[in-house]
Number of protein chains: 2
Amino acid sequence: MMTSDKLRAMLALYLVTDERTDCDALLHIIRKALEGGVTTVQLRRKHDDGRQLVELGKAIRQMTTEFGALYIVNDRVDIAMLTDADGVHVGQSDIACADVRGLIGKRIIGVSTCTLAEATAADREGADYLGVGSVFPTSSKPDADMCEIQGLAGIARQVDIPVVGIGGITRQNAPEVMQAGAAGIAVVSAIMQAEDPSRASAELLRLVRTGR
Amino acid sequence: MMTSDKLRAMLALYLVTDERTDCDALLHIIRKALEGGVTTVQLRRKHDDGRQLVELGKAIRQMTTEFGALYIVNDRVDIAMLTDADGVHVGQSDIACADVRGLIGKRIIGVSTCTLAEATAADREGADYLGVGSVFPTSSKPDADMCEIQGLAGIARQVDIPVVGIGGITRQNAPEVMQAGAAGIAVVSAIMQAEDPSRASAELLRLVRTGR
Ligand code: NI
């Protein structure tokens with residue numbers, strides 16, 4: 001298990017995959033993003049079957065290892081175990097944090113939270129970091145609950161574990177998220193839909209490092 | 001791990017859950033079905049989140065233990081591990097049999113197959129039983145590939161592990177399935193939508209035992 005400071009640094013620029021059907025294109029963008037400086041990649045695919053997830057996960061494991069980045073799996077602890085992920089990320093309706101811990105031992109557990117109550121509960125239950133959002137409205141998850149910048153700032157002040165802002169984060173508003181006390185930013189569209197994912201990643205990483 | 005004969009007996013009447021949103025009603029029907037003689041219950045819910053699956057799985061684990069029935073989880077190996085399932089059932093696009101084995105050790109693995117090639121491959125890869133279908137057209141999975149009675153009979157002749165027929169099985173056609181060499185029958189609607197799930201189960205079990 002890495003130290004909290006090391007984990008905090010590794011959460012600087014956190015890429016979450018989108019749901020595109022073309023998996024070759026997906027992996028190509030992830031490689032470009034890693035070249036640009038992405039520090040963590042989360043495999044999040046709600047509609048893929050297990051075999052597809054294992055295949056994607058193994059490819060992402062290989063690339064993230066090559067670039068010294070973290071590889072996290074959303075929701076599916078079995079896929080995380082099979083593809084040797086660094087950790088698992090769960091939402092409020094996924095497997096409970098304590099149950100995940102029982103399966104994955106010392107690997108990283110991230111928990112999505114929106115309110116301070118959810119955040120302190122996740123911290124108490126042994127989460128290693130929090131994904132907090134949506135900070136801004138987002139097209140990739142239009143029905144997501146909003147916590148806004150003030151909510152993120154409140155959570156970052158109250159919990160000791162690193163907090164990653166997520167939801168509608170762009171080059172324009174990334175500095176605000178960092179000023180609110182985030183350890184890093186998580187994005188989907190800002191990289192996955194960028195014309196140049198490598199350059200977009202490099203620019204976002206620069207803003208994160210400047211904003212700390 | 002149980003003997004193959006014991007497993008064969010336990011697969012006689014295999015209930016697969018439906019996708020109804022009312023989980024109390026679901027559990028109520030499962031209890032009635034177990035009272036009627038169901039020997040295996042598979043938790044199969046494609047649209048439930050992890051936390052819901054864990055809750056349902058724990059309830060089914062408790063009931064199946066009470067009635068001496070098997071409890072199998074579809075697709076999600078993590079949920080199977082967390083709820084102490086007797087085994088996991090995977091389809092052709094789910095986690096591969098060998099990968100499942102690596103996670104669950106000696107627990108039971110079932111594999112859905114439609115063709116003889118799929119069936120012999122699953123047998124070779126270490127499956128403990130096969131779910132073979134669809135034997136008949138089915139409303140609960142209208143897009144399922146068909147293997148028909150002849151396909152099931154061919155597979156039952158060629159593989160040594162127990163074969164369970166699935167897909168559109170009713171009181172009327174259950175004897176045909178048993179005559180084709182099945183160890184048992186798997187049903188959704190025939191029990192889940194029965195007016196009296198307990199009586200429907202008892203009648204199906206009688207047909208299976210007569211047909212062996
Ligand atoms: Ni869906």
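Yeah, the Cβs are placed from backbone N, Cα and C, and that goes for glycine too.
Other Cβ atoms within 10 Å of the Cβ of A:LYS141 (4-amino-2-methyl-5-(diphosphooxymethyl)pyrimidine binding site), summed over all protein chains shown, number 15. Annotation comment: TrEMBL describes A:GLN42, A:LEU43, A:ARG44, A:ARG45, A:LYS46, A:ASN74, A:SER112, A:LYS141 as 4-amino-2-methyl-5-(diphosphooxymethyl)pyrimidine binding site.
Under the DSSP three-state reduction, A:ASP94 (Mg(2+) binding site) is assigned to coil, being neither helix nor strand. Within the same chain, the residues at least 6 positions away from A:ASP94 (Mg(2+) binding site) whose Cβ sits under 8 Å from its Cβ are A:ASP75, listed in sequence order. The Mg(2+) binding site feature in TrEMBL is assigned to A:ASP75, A:ASP94.
Per TrEMBL, domain 'Thiamine phosphate synthase/TenI' is recorded for A:13-191. Mean pLDDT for the domain 'Thiamine phosphate synthase/TenI' (A:13-191) in the predicted structure: 96.
On its own chain, A:ARG45 (4-amino-2-methyl-5-(diphosphooxymethyl)pyrimidine binding site) has A:THR17, A:GLU19, A:GLN52, A:LEU53, A:LEU56, A:ASN74 as residues at least 6 apart in sequence with a Cβ closer than 8 Å to its own Cβ.
In sequence order, the binding-site residues from A:ARG45, A:LYS46, A:ASP94 that place a Cβ under 8 angstroms from a chain B Cβ are A:ASP94.
Here the binding-site residues are A:ARG44, A:LYS46, and the one ringed by the most other CB atoms within 10 angstroms is A:ARG44.
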